[in-house]
Amino acid sequence: MTASASSTRVRGETILDVNHVVKHFPITQGVLFQKKVGAVKAVDGVSFQLRRGETLGIVGESGCGKSTLARLLMRLEKPTAGRATLAGQDLFAASGGELRRIRRNMQMVMQDPYTSLNPRMTVGDIIGEPFEIHPEAAPKGSRQRRVQELLDVVGLNPEHINRYPHQFSGGQRQRIGIARALALRPEVIVCDEPVSALDVSIQAQVINLLEELQDELGLSYIFIAHDLSVVRHISDRVAVMYLGRIVEIGTEDEIYDRATHPYTQALLSAAPVPDPDARDHRTIIRLRGDVPSPADPPSGCHFRTRCWKAQEICAIQDPQAVLRAADPHPSACHFAELRPTAT
Amino acid sequence: MSQHAVRPTPASPTPPGGHLLEVRDLHVEFRTGEGLAKVINGVSYHLDPGETLAVLGESGSGKSVTAQAVMGILDTPPAHISSGEIRYQGQDLLGLPEAQRRQIRGRDIAMIFQDALSALNPVFPVGWQIGETLRQRLGMSRADARRRSVELMDLVQIPAASERLGDYPHQFSGGMRQRVMIAMALAMEPKVLIADEPTTALDVTVQAQIMDLLADLRRDLDMAMILITHDLGVVADVADRIAVMYAGRIVEHADVRSLYRAPAHPYTKGLLDSIPRLDQRGGKLSTIRGLPPNLMRIPSGCPFHPRCPYVQQVCVDVVPHDLVLDDGRTSACHFAQEVRDDRVS
Amino acid sequence: MSDFETVAASENQAARRGLSGEPGTPNQVGKPGKPRSLARDAWRDLRRKPIFWISLVLVLLVTAMAAVPGLFTSNDPADCVLSRQHAAPSGGAIFGYDFQGCDTYARAVYGARASLQVGALSALFTGLIALVVGMLAGFFGGWVDAVLSRVIDIVLGIPLLLAAIVLLKRVGSDSATVRIAAVIFVLAVLGWTTAARVVRSSVITAREQDYVAAARMLGAGNGRIMWRHILPNALAPAIVVLTIALGSFIAAEATLSFLGIGLREPTISWGIEINNGRVHMRESATPLVVPSTFLALTVLAFIMLGDAIRDAFDPKLR
């Protein structure tokens, strides 16, 4: 019934293939006669594959391009270069009706539950809007029932269909956003920081919900977050981004236990651990300074200006994310090695 | 709310000279168009020189409002302190005239906020903003204030301080802005620094830098610090004692190690169980069911009872007092001992 | 421990099967209450507001006055006899007579038509121009915005009276309809800029919201996004500006008529009446006070109505 019949779903095969995607935002001057004076290299050549039924976590600090990457995949921004296919269809070339059909297969859950729902629409209208845009997804008579089912699926009271977003708490609104994303039965859901605006006790509820939905509906997630613990909890594989590039990608174990890129190691060491006993025998790698501006990233390895291992070659040669001897997973560092104290 | 007796807070008996800062049975209400919201319902804590107290809570728990009451920067109306005492060096701040409170604010007790960008004035250079306090309050000359501003910026480890004196807030990165705000707070060499979610808006690597800085400054300048946060990880790294707040009350108060090892309140236990761990993978997270209460309709008895897995009839009927456990911690739970030992066994 | 906030686990399971497309799952969901829309909810809210009813009654009263003035007075406003100059109330003339010896009340009643036409239609056309220009400029941005914003600046820079004089001087006809249409045209063409700026800025604010991105990701086109998501969120400030503008348009008509380029006798309008009354204010204030009161009440009624409608369309205020 949907664009992708469930019979064709095979776990493990690649559903989303992203190839060297680039997004440069031009920096311009002038209003009517614009002059390009530079470019913010928000996403600078990102490649990865997402397999059916898996969760790919993307971590990185603010400005690393992870949210821009999500917006590119959702076609909210036009890529400067690169290719991406979703279930074999070219994501970036599609337009008009074809793009609309592709959109049915990939949806996004946004970060801010307060601005992602139109305050002047009822919950029923918000979750029902996908059916209005895609009338073929549900016959008119069944729409209200479908909306109520969706409310139920995400753990909200189906009778609250006529309420407005402001009558719900942050966690409940995020569930509404999830219901809207589920409405068209997509195979891929991009979650852009879906729990970072929520209180600790509510975060766990939403994470559990996302995991349950994945098990039951066979969803594939791209899970973008800055919270390393949350990403580890939910992800099968993890990509670490720095200044528009993926510096290291691997299974959850490979990244969290056997990271070989110095940035990943620093990031992990700096993450606060909720255990006061760990205070004394924890060594935090202290990075120098701040993330450089993406409008003017360092030559060669983008991380070299803050890296304690940096040598001359780092400024000259751009390290590729290839398998490294230290541990066989892609790591974009000339001097990739396991952290001596890593457990 | 009179059922809440004033009790000594744990971990240390009152020293002979009294505590440096002590909040006693504070009640704050917000009068809104929709009714009376009881935001703080009998909060007591104390702070001794040189220690770090973490106040942990989710949004709406009243953790920031308590700090604002201590600073005397509550918006009144709608806020209204209905009862309680805030003693600084034995003196009740709530009884002081505004002019005297202003003297204490900044000079003795300073505060830093989450959002450094909006806390700094965008149209003045940062050096001028740091120096303003010095000129206004200490009557320093321009040159002296400038010299001292550079010292303060060096103290908070802003590189090339003397060259950045003339820069405006937007020219600094998030972490550097936070450092500027800390420098401003330190200008009067306060004895108490209240840090309200100081690193929430920052990235992990920068967060680690700022927390290190705060810990170093606290030690070097011998300040006491109140760290307000929702982040259980940050707290574990720096705090000596923790007060956990829920619905305007302190539900558990303990030294940091024993609290993490064996929480004695179901809410604390639920929070600790519900966070994913960096060193553990997958599995279902345990959750705290339901939502935090509406402060206009706080549940009867124990405010946590609708969400509590240990709930009994007594929890619905009776407001729990702060139970002092054998190791000196307190927990506002009828079954504090059982909750704690449940974890141990 | 229950997983969810409100729904029991078993109920969840049943409904989940429904989602995965299994036929014949019994409908687990609650009573299918009547689906609501913002407009319907706004109406439910409005019905309970006394201020809405008061202002509505006033607006309807003035509208009726404009449509069928004969219902409110049996006197002929053109029946003027100089011997009755500033005479005390008598007969149907409950507010007495003016300088020309005309029935003050009758003239105020008959003045409603021209004034209301000018005020309401100018506001309506202003609103339409402002919505279109503001929406296009705010939504599309870029060069569209650059061009339209300069147009707004230029129109805003034209002095209203000067331009009105130039434009209205060319209207030779004395026909009431033609002159009213001309005044409406001039006021609308020169008066839409403030509202357009307000619309533009609120459209820009709404456009940046995440819910617009969410709609786009669902595949919604520009039309749907503008109509369903941006317009309802950008309309509120425009309504306020327009209801206030409505009053100032009625007043502007008075100014133009006073200068002799707006409406002309024998057309009756509040503007003309207020001007005439003002000249002879020292002899008798009533011919000034009566049309002024009518004007003030009408403007007030429209502003209150606009306020009530704006609030009703904001679910947060309910």
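Yeah, the Cβs are placed from backbone N, Cα and C, and that goes for glycine too.
The following features are taken from TrEMBL:
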DOMAIN    C:112-306  domain 'ABC transmembrane type-1'
REGION    C:1-37  region 'Disordered'
TRANSMEM  C:50-72  transmembrane segment
TRANSMEM  C:120-144  transmembrane segment
TRANSMEM  C:151-168  transmembrane segment
TRANSMEM  C:180-199  transmembrane segment
TRANSMEM  C:234-261  transmembrane segment
TRANSMEM  C:288-309  transmembrane segment
Of the stretches C:151-168, C:180-199, C:234-261, which racks up the most C-beta pairs under 8 Å with the transmembrane segment (C:120-144)?
C:180-199
Residues of the same chain, at least six outside the transmembrane segment (C:151-168), with any C-beta under 8 angstroms of its C-beta?
133, 137, 182-183, 185-187, 189-194, 196-197, 200, 252, 255-256, 259, 261-262
Short question: most Cβ pairs under 8 Å with the transmembrane segment (C:288-309), which of C:50-72, C:180-199, C:234-261?
C:50-72
Please report, as numbers and ranges, the same-chain residues at least 6 past the borders of the transmembrane segment (C:50-72) whose CB is under 8 Å from any CB of it.
109-110, 112-113, 116-117, 294, 297-298, 300-302, 304-305, 307-309, 312
